[in-house]
Amino acid sequence: MKVLIILGLVLLSVMVQGKVFERCELARTLKRFGLDGYRGISLANWMCLAKWESDYNTRATNYNPGDQSTDYGIFQINSHYWCNNGRTPGAVNACHISCNALLQDDITEAVACAKRVVRDPQGIRAWVAWKAHCQNRDVSQYVQGCGV
């Protein structure tokens, strides 16, 4: 009986945590989705962004009390501009998706929305974490040894 309870708790924690990618696994996945060089942005920059925004966690969320928005998923895409969570006042939903779609282990929708974000004039500078931790820095460490 104790084994079943422990197993249940372990499975529940995995479900709540979502998928946390290994660094090279994510690098290969993002490359397969066409992010390497997309809009002139290197794969290493995308990896740096994902590291600092979510620590490679698909279920990461962050509430922003100022505008009552929430950042979602591996790229921490914001509900004020890019997705619909049904709670953010004045939301634009430029990616035309539910914010919950950004929390899936399958990051297809998250990648598609990230591509939409960088098509705007700000490009990758839309992400504060990228500006703080990746811009004008050697980001090669994020793909080093991954064979991508």
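The backbone N, Cα and C atoms fix where each Cβ goes, and this holds for glycine too.
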According to Swiss-Prot, C113 takes part in a disulfide bond; indicate which of C95, C99 is its partner.
C95
Using DSSP with the three-state reduction, classify C24 (disulfide bond) as helix, strand or coil.
helix
Conformational class of C113 (disulfide bond) under the three-state DSSP mapping
helix
Cα distance, D71 (active site) to C99 (disulfide bond), nearest Å?
9
Out of C24, D71, C113, which of these recorded positions is nearest C48 (disulfide bond) by C-alpha distance?
C24
If you count the other Cβ atoms within 10 Å of each Cβ, which of the disulfide-bonded residues C24, C95, C99, C113, C134 comes out on top?
C99
